[in-house]
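Trainee: One structure follows; several queries about it will come next.
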There are 2 protein chains.
Amino acid sequence: MKINSNYLNLEESYLFSTIARKIEEYQKENKDAKIIRLGIGDVTLPLAEEVIKSLHKAVDDMADKSTFKGYGPEQGYGFLRDAVRDYYGSYGAKLESTEIFISDGAKSDLANILDIFHIDNRVLVPNPVYPVYLDTNIMLGRNVTFIDANMENGFLPLPDESIPADIIYLCSPNNPTGAVYTREALQKWVNYALKCNAVILFDSAYESYIVDKDLPRSIYEIEGAKSCAIEFNSLSKTAGFTGTRLGYTIVPHSLVFEGVSLNKLWLRRQTTKFNGVPYVIQKAAEAVFTEEGQREIRANIEYYRENARIIAETLDSLGVWYTGGKNSPYIWLKAFDGMTSWEFFDYLLREANIVGTPGAGFGANGEGFFRLTAFGNRENTIEAMERLKRLRNRA
Amino acid sequence: MKINSNYLNLEESYLFSTIARKIEEYQKENKDAKIIRLGIGDVTLPLAEEVIKSLHKAVDDMADKSTFKGYGPEQGYGFLRDAVRDYYGSYGAKLESTEIFISDGAKSDLANILDIFHIDNRVLVPNPVYPVYLDTNIMLGRNVTFIDANMENGFLPLPDESIPADIIYLCSPNNPTGAVYTREALQKWVNYALKCNAVILFDSAYESYIVDKDLPRSIYEIEGAKSCAIEFNSLSKTAGFTGTRLGYTIVPHSLVFEGVSLNKLWLRRQTTKFNGVPYVIQKAAEAVFTEEGQREIRANIEYYRENARIIAETLDSLGVWYTGGKNSPYIWLKAFDGMTSWEFFDYLLREANIVGTPGAGFGANGEGFFRLTAFGNRENTIEAMERLKRLRNRA
C-alpha cells in the first residue's frame with residue numbers, strides 16, 4: 001500500500017505553535033506582564049439569544065418520536081436553503097434554493113470542491129492568503145501560480161491576462177489583509193474568468209463585516225459571475241458559529257463546463273461523501289436569518305467592528321500604513337521601521353505585551369507585515385492601542 | 001477549466017427513487033392498502049434522555065461568554081476521544097485517545113480517507129456492499145476488484161491469496177447482508193493484509209448489534225490488526241444519531257507505510273480540510289458513553305433487535321434462506337421461488353403490501369436477494385410477518 005506522497009511536500013506550519021511557545025516563554029520570565037492577544041482569529045461572544053432558543057427547541061424535537069429527525073437531505077433542509085436564498089436576495093444577489101448547499105463550514109467545502117475538478121487544471125492563488133487554498137492543492141500534487149498582493153496594489157491584485165488560469169481563488173474581505181474588492185475590480189476578475197473559461201472560487205466568509213454600500217458582499221452582485229463563480233460562505237464569523245459549524249456553498253445552475261453542470265457534480269459529491277449537517281445546527285442557523293436573529297448578530301458584529309475601528313483609528317493617528325479594519329475584522333499593518341514580521345512580533349510582545357500574527361505566516365508577500373484582529377474584548381483592545389501609541393511616541 | 005471526468009463513470013443509482021415511485025403508484029391505485037415499510041435504513045426512535053439532557057446543557061454553555069466554545073480541536077475534544085477509548089477498552093480493544101478521530105460520520109471518513117492513499121493502489125471491494133466504497137473509488141478513477149460474497153460463503157468471503165490488493169474494504173456486521181465475521185475469519189483477513197502489506201478499511205458501524213460474545217465487535221480484537229487496519233464507527237445506528245451526525249475513525253499509531261505514520265497523515269488531512277464536529281454534538285455523544293447513556297441506548301438497540309428476531313423467526317418457520325437478523329439490524333433473504341430482486345419487490349408490494357430493498361441495488365451478487373430491516377415499529381413488523389406467513393402458506 002502506497003501513501004499519497006504529495007502530503008510529504010506540505011510545509012509544516014509552525015506559525016501558531018511558535019507564537020504559543022514565544023508567549024509562554026515571555027510570560028514565564030515576566031510573571032506580572034499582562035499580555036493582550038490581538039492575534040486571535042476566533043470569535044469570543046456567545047451565540048445570540050434567538051439561536052439559543054432555536055437550539056433548545058430543536059433538541060426537544062429530537063426527544064419526541066413524532067418530531068425526531070433521522071437522515072436529512074445531504075444538501076441541507078429546504079427551510080435553511082430558502083433562508084439563505086432570501087438573505088442573499090436582500091442585498092441584491094438573486095439565487096435559487098437549489099443552488100445553495102449547506103455544509104459544516106467554508107473550510108471543508110473549499111477543500112472538498114477540488115474533488116469535482118480535473119487534476120490538470122492550472123490554479124491561481126493570491127499571496128499572502130488563507131493557507132488552506134495552497135495546502136489542499138499541494139495534497140493533490142498540483143503546482144499553483146501565485147498572484148502578488150502587495151502595498152502597490154493595496155493587497156488587492158487584479159488579473160494579469162498573460163497568465164493562463166483555470167481555477168482562481170479570491171477572498172474578499174480578505175483573510176489576512178482585510179482588504180475588500182470594489183465592484184469594478186471584481187468585474188475585472190469575472191470578465192477575465194469568462195474570457196479564459198476559468199472558475200472563480202470566491203471565499204466570502206467575512207461579507208457580513210461590509211457596511212459600505214458600494215462594496216459587493218457577494219460575487220453574484222457582479223454581472224456574469226453566475227457563469228464562472230462558486231461562492232463559499234459561513235456563519236463562523238457572522239454569527240459566532242466557529243464551534244457550532246455551519247457554512248454554505250453556492251453553485252449556480254448556469255455554471256457549465258465541458259457540457260456538465262457543476263451543480264450536479266457537487267450534488268453527486270455531497271450525496272456520496274457527506275450526510276448533511278445536524279438537524280439541530282440547521283435550526284440554529286435558521287434563527288440567524290430571522291429578523292430578530294439578524295438584529296442580535298448585527299449587535300455582535302458591530303461590537304467587533306468597533307474594536308477594528310479603534311485599532312484603525314490608532315494606526316491612522318500614528319501614520320502607520322495598513323489595509324482592512326473598516327469593512328473587515330482584520331487589520332493588516334506594515335511592521336514599524338522596516339522590521340520583519342517576526343522581529344515585529346518579538347518587539348510588540350516585549351515592549352508592549354501585545355500579541356499579533358506575523359504576516360510571513362500567510363505567504364512570502366506577507367513578510368514585513370502583521371495581522372491584528374478585532375475579536376478581542378473592548379477594554380483590552382483599547383488598552384493595547386494606548387500601549388501602541390506610547391511605544392510609537394517613545395520611539 | 002476541466003471537470004473531473006471520472007464522475008461521468010458513476011452509475012446513477014435509481015434504487016431508492018424507483019422504490020419511492022413504485023410505492024406511490026401502487027398507493028394511488030390502492031388507496032386503502034396499508035403499506036408497511038421494512039426497507040427503511042434509518043432509525044425511528046428518538047434520542048436517549050441522557051443525550052437530550054447533555055445537549056440542553058451544552059446549548060446553555062454556548063449562551064454564556066465564560067463557557068462559550070469557538071474553534072475546537074479538529075480531531076475532537078479530549079473528553080470524547082477518552083470516552084471512545086474506554087468504550088473500546090470495555091470489550092477488549094486497547095486504544096490510545098490520540099488514535100481516535102471524531103468526525104461527522106463514518107460515510108464522510110470512509111470517503112475522505114482515500115485522500116491519504118496513492119492513486120495507484122489496488123482496491124478490493126466485496127459484492128454486494130454499501131455503494132459508497134465503490135463510488136468513492138470510481139470518482140478517483142480507480143478500477144476496483146470485487147470479492148464475491150454469495151450463498152456458498154454465507155456472504156462472508158475470505159481472502160484469495162492469488163489476488164493482489166493494497167486497500168481492502170470489510171464491513172461487519174455487514175450492510176446489506178447482516179452477516180458477521182467470526183474471529184477466525186477476520187484473523188485470516190488480517191494475516192492476508194499483513195502478508196501483502198495492504199491496509200484494511202473496516203466499517204464497524206453496526207457493531208453495537210452484536211450480542212454473541214464470540215463475535216468480534218472491533219477488528220482490533222484480532223491479533224496484528226493494529227498494524228494493518230483503520231476502523232470506522234458511528235453513533236448513527238448505535239444511538240440514533242443519523243440526523244445528529246457523529247462518527248469516529250481509528251488510525252493506530254503502529255500503522256506505518258513507506259516509513260510514514262498514517263495517523264500523522266490523517267491528522268494533517270483533518271486539520272487542513274475539516275474544522276471538527278459541533279461542540280454541542282460532541283457533548284451529546286459524550287452522554288452516550290456514560291453508564292446511564294449506555295443503559296438507555298441499549299434499550300433502543302434491543303427494541304430493534306427484537307424486530308430483527310421476529311423477522312428471522314418468521315423466515316426460519318417458512319424455511320427461507322437468509323443471513324443476518326441475529327447480531328445485526330439487517331436481514332438478507334433469498335427471494336421466493338427464484339424471483340429476481342425487483343420481481344420479489346413487486347410481488348411483496350402487491351400481494352402483502354410490504355416494502356423492502358432489492359438486493360440487486362447493492363451489486364451484481366445481490367441479484368435474487370432482498371433486504372429487510374429492523375428499524376420499523378413493533379406492531380408493523382409483527383403485522384408484516386403475519387402477512388408474509390399467509391402469503392407463503394397460500395403459495
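Including glycine, each Cβ sits where the backbone N, Cα and C put it.
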Trainee: Need a hand: TrEMBL gives A:Tyr14, A:Gly41, A:Lys107, A:Tyr130, A:Asn275, A:Arg371 for substrate, which of A:Asn174, A:Asn175, A:Asn191 is also on that list?
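Mentor: For the substrate site that includes A:Tyr14, A:Gly41, A:Lys107, A:Tyr130, A:Asn275, A:Arg371, TrEMBL also lists A:Asn175.
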Trainee: Looking at TrEMBL, A:Tyr71, A:Ala106, A:Lys107, A:Tyr130, A:Asn175, A:Tyr206, A:Ser234, A:Leu235, A:Ser236, A:Asn275 are annotated for pyridoxal 5'-phosphate. Which of A:Arg81, A:Arg122, A:Arg183, A:Arg245 sits in that same site?
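Mentor: So, going by the record in TrEMBL, that would be A:Arg245.
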Trainee: Give me the mean pLDDT over the domain 'Aminotransferase class I/classII large' (A:34-388), rounded to a whole number.
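Mentor: Mean pLDDT across the domain 'Aminotransferase class I/classII large' (A:34-388) comes out at 97.
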Trainee: Helix, strand or coil for A:Ser234 (pyridoxal 5'-phosphate binding site)? Use DSSP.
Mentor: strand
Trainee: Measuring CB to CB from A:Lys237 (N6-(pyridoxal phosphate)lysine), give everything in the same chain under 8 Å that is also at least six residues away in sequence.
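Mentor: Non-local contacts for A:Lys237 (N6-(pyridoxal phosphate)lysine): A:Val43, A:Ala205, A:Tyr206, A:Ser208, A:Tyr209, A:Pro329.
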Trainee: Do any of A:Tyr130, A:Asn175, A:Asn275 (binding-site residues) have a CA within 10 A of A:Tyr71 (pyridoxal 5'-phosphate binding site), and if so which?
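Mentor: Within 10 Å of A:Tyr71 (pyridoxal 5'-phosphate binding site): A:Asn275.
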Trainee: So, three-state DSSP: helix, strand or coil for A:Arg371 (substrate binding site)?
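Mentor: Its secondary structure by DSSP: strand.
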Trainee: How many Å lie between the Cα of A:Asn275 (substrate binding site) and the Cα of A:Ser234 (pyridoxal 5'-phosphate binding site)?
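Mentor: It is 18 Å, counting Cα to Cα.
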Trainee: When C-beta separations to chain B are restricted to under 8 angstroms, which of the binding-site residues A:Tyr14, A:Tyr71, A:Lys107, A:Tyr130, A:Asn175, A:Asn275 qualify?
Mentor: A:Tyr71, A:Lys107, A:Asn275
